[in-house]
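Data block below; observations after.
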Amino acid sequence: MPRAPRCPAVRSLLRSRYREVWPLATFVRRLGLEGSRLVQPGDPKVFRTLVAQCLVCVPWGSQPPPADLSFHQVSSLKELVSRVVQKLCERGERNVLAFGFALLNGARGGPPMAFTTSVHSYLPNSVTESLCVSGAWMLLLSRVGDDLLVYLLSHCALYLLVPPSCAYQVCGSPLYQICATTDTWSSVPAGYRPTRPVGGNFTNLGSAHQIKNSGHQEAPKPQALPSRGTKRLLSLTSTNVPSAKKARFEPALRVDKGPHRQVVPTPSGKTWAPSPAASPKVPPAAKNLSLKGKASDPSLSGSVCCKHKPSSSSLLSSPPQDAEKLRPFTETRHFLYSRGGGQEELNPSFLLNSLPPSLTGARRLVEIIFLGSRPRTSGPFCRTRRLPRRYWQMRPLFQQLLMNHAKCQYVRFLRSHCRFRTANQRVPDAMDTSPSHLTSLLRLHSSPWQVYGFLRACLRELVPAGLWGTRHNERRFLKNVKKFISLGKYAKLSLQELMWRVKVEDCHWLRSSPEKDTVPAAEHRLRERILAMFLFWLMDTYVVQLLRSFFYITETTFQKNRLFFYRKSVWSKLQSIGIRQQLERVQLRELSQEEVKHHQDTWLAMPICRLRFIPKLNGLRPIVNMSYGMDTRAFGKKKQTQCFTQSLKTLFSVLNYERTKHPNLMGASVLGTSDSYRIWRTFVLRVRALDQTPRMYFVKADVTGAYDAIPQDKLVEIVANIIRRSESMYCIRQYAVVQKDSQGQVHKSFRRQVSTLSDLQPYMGQFTKHLQDSDASALRNSVVIEQSISMNETGSSLLHFFLRFVRHSVVKIDGRFYVQCQGIPQGSSLSTLLCSLCFGDMENKLFAEVQQDGLLLRFVDDFLLVTPHLAHAKAFLSTLVHGVPEYGCMINLQKTVVNFPVETGALGGAAPHQLPAHCLFPWCGLLLDTRTLEVFCDYSGYGRTSIKMSLTFQGVSRAGKTMRYKLLSVLRLKCHGLFLDLQVNSLQTVCINIYKIFLLQAYRFHACVIRLPFGQHVRKNHAFFLGIISNLASCCYAILKVKNPGVSLRAKGAPGSFPPEATRWLCYQAFLLKLAAHSVTYKCLLGPLRTAQKQLCRKLPEATMTLLKTAADPALSTDFQTILD
């Protein structure tokens, strides 16, 4: 029998998802004597290959094979597969084998497919079709019989390995939907996992010895007992087992399957606690009860943790695949971009506004917060169950909370704490759209400290002292409020952080009876969870609603992910100015009510987009968010909206396919740094091959309003020429890829592959092999799951959809509806590609001669011309200045840069910014040496920004490991060949680039350290942090070697030698420069770093040291001095 492919990473991935993973031959052999005859002498090679490559995966909770298993074949293969597909469809199970099949109903008519009574195929399934006609599978059926093959297809998951390192799924639940056991346990704190406790610490920062082995798969090392300060955190995510009597009064919680996923009580008090000695039954996962993006009504959020009664039908060997994830997050995105006018008042629909300040209202509030009842804004209160005594006793306190809310003067607090920072404290008139008035309005944002003062005043007015228990608990919560509003756009605040150092025993309202001398552990954990529910509701509902009611919160174009807080009265005026400017700048036609209705009736699948604005330094940038404004709630067109999204993705995939097949369509367009590197490297090597390097003339130009100025007729003509080709029938295959990286992280991605009938790979084995051959780095150690395949996408249907997309996109602005008469809709995946195709056609027709002996690059709407001919440079500049109306191309002279003199009046009186002939020329984040053509990275964009805000770091669980992984991932992105290639750049330039990369990493290192949770400090485990710095140096040098194959960097005494000690010296120097500015925090690191650097100095040659000191000259890194952190 052929040797089975090894594919160790795929096998490891499958073992983390399934209870058992066996080769097919082994699985069948374990079932009895007849199974040992699966492979026999003389079997065809294709059958032997199938048996060798097939893996049988048994899911957790799967029933065993039938006891009376027969190895006799009764049915044909096609009949058997059809019966299995029908059973899967009837049970409503998602199974790869049944993708593309559905039960017949009124909407899906037609005769059933063969051997079924009520199933039809609405999309091809290449896996199922190839299985039905495969001779190897027919032979397998004859060997194993109907019973076993039905069991394998219905209850197991089959995978076929595809050398060298991948596999594809044949049947079973899609792998991307199966929760990993290892991932589940990572969400449960160490103290409550079924492991034997030995040394270590809570944040898993590890020792120096652990760091060396961290690149390998971790063994299941037992975890340490938590420190005193973290005991409460651990009990939040544990479950207790109260007695049977307690169960009557303290109902357990379960997750309601309703739309808001609230936590509701069940009559059972049984819960689960993991035992080190046995494999436990595991309850289903608790849901994250944060808003899940429904920020428009934060009052609907409720409880935060739940308990489940395990199913009596679950196997004793069931894994923790659905173990509780009692660590929800409240996210800053919940209070972003709030709607409404300029009214500064609490939303009338807010929960506390709808409850009367009485014991009845208090009871309802207690049920919503702690028992998961859904909030009701109208109608009589219904008593569906008796309130447990513990919660009954809480009513007076929550009645006091409702009374405090009713008399709280929110507007007075707002005006007191969030005053306008102007002399006369008046907001400029919104009717004045002059730049000075717009700038003055943009400066009227409230600082986080002012917003915190407002929230603190409201909370102190609202929450009775009895609910806090002590001032200590109140101060802890207020500190978390201040932290919450200081986070960046994508940040989260976890429940563990919210409960850290909160004293549960001080909250007497949590007790169900008078205090005894000792409190059982189960009772203490229950009180802890109840307090967590209240604090989470207070933060995720009340605080978020206050922010959404009184502020418009948004990011800006100049401060990365930092959030700016504008009072509603200020933002309404800013928005009015932005709308007027948008209507003046863009050709929009307002639709009448009849036209809007006609649009809804005719173009059911087209979305109605919404317009919002992002502040700039001196203006507002309009953002048309197509995915945000689908408006399915208003029109009830969810399925049509999904159809639109799928059609948009299909069109995008087809245009990308044509772009790849015909690269000239994109003209001079580059899609990123890798494209720029490939083209720039070829150009530099060609220029340096000349006898004498000519002087180069540089032109940088930026198109004004590129998306809004493109003529629609011209764009339609260009796209029609692309997809109206002879091979205009496209095949679209949608598939998922699941892979595990070197750090053990599992990643899922969903992709589309376009082909024509001439290059179609019809079967999944061929397709997976083709993917590995075409791009082995992108598809390595992966499992491929086919989702669907469409064989009849015609160019005419795609063009019809494109016409609708361009000419009938409706934007809703300030309650009115407009259709765009010129330009292309922004905010979709197509926008950038369409812009590149339009300007690519312009370049092919107008600028072919300009590129002679030179190079023309364009990143979306930013042009760069490098040419040895001054006449070509001037002609190119003149053409762009005068504009190309046919393509809507007009450049912004204020952003145009050249390195040669331009005669006065040559461009109609205007003059671009002129740099010296020899300089570092800026373009799209790069600095290009105009004489040597070497490349540096431009770090000026980091000036006056916060690295802490730009770096999203969620370090609650395994903070140290997360920090190390984050820093290494960012380093790999920054160490690009464009900066490290020694054929493009000199060794000195590469040294400067490496040093600046390390210096930026030092800033990121500091940003991660100051955000470590639970009071973790560098001094507690300085060896770990020194290991991170050392790992960064080693990783950078490894990348440097990969980017320079064939170059001997270690050659001693050679002019281009660059040993690993040199990289390490640059790394230590960069970190010493940054960490010395925070000497109190990093005192324990500075000494070892200085000692290690001195040791390196003794090893490195004098010439190398001179080179390194030149690269680390502070005069070359002045951009970093303006970084805020």
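Each residue, glycine too, has its Cβ placed from N, Cα and C.
Feature region 'Primer grip sequence', per Swiss-Prot, maps to range 923-927 of the set 798-802, 833-837, 923-927. Annotated Mg(2+)-binding residues in Swiss-Prot are Asp861, Asp862, and among Asp675, Asp691, Asp702, Asp708 the one listed with them is Asp702. Per Swiss-Prot, the listed range annotated as region 'CP motif' is 402-422 (candidates: 402-422, 717-737, 864-884).
Looking up the ranges 332-337, 518-523, 914-919, 1100-1105 in Swiss-Prot, the one annotated as motif 'TFLY' turns out to be 332-337. Val860 (site 'Required for nucleotide incorporation and primer extension rate') carries neither a helix nor a strand DSSP state and counts as coil. Listed in sequence order, Ser669, Ala706, Thr832, Cys835, Ser836 are the same-chain residues six or more apart from Val860 (site 'Required for nucleotide incorporation and primer extension rate') with CB atoms under 8 A from its CB. Other residues of the same chain near the Mg(2+) site, with their Cβ within 8 Å of the Cβ centroid of Asp702, Asp861, Asp862, are Ala701, Val703, Ala706, Arg858, Phe859, Val860, Phe863, Ile891, Lys895.
Long-range C-beta contacts of Asp862 (Mg(2+) binding site), restricted to its own chain and to partners at least six residues apart, with a cutoff below 8 Å, comprise Lys700, Ala701, Asp702, Val703, Trp923, Cys924. Taking a C-beta cut-off of under 8 angstroms and a sequence separation of 6 or more, Asp861 (Mg(2+) binding site) has the following same-chain neighbours: Asp702, Val703, Ala706, Cys835, Phe839. Summarised as a single figure, the pLDDT of the region 'RNA-interacting domain 2' (329-540) averages 88. Within 10 Å of the C-beta of Asp702 (Mg(2+) binding site) there are 18 other C-beta atoms, taking all protein chains into account.
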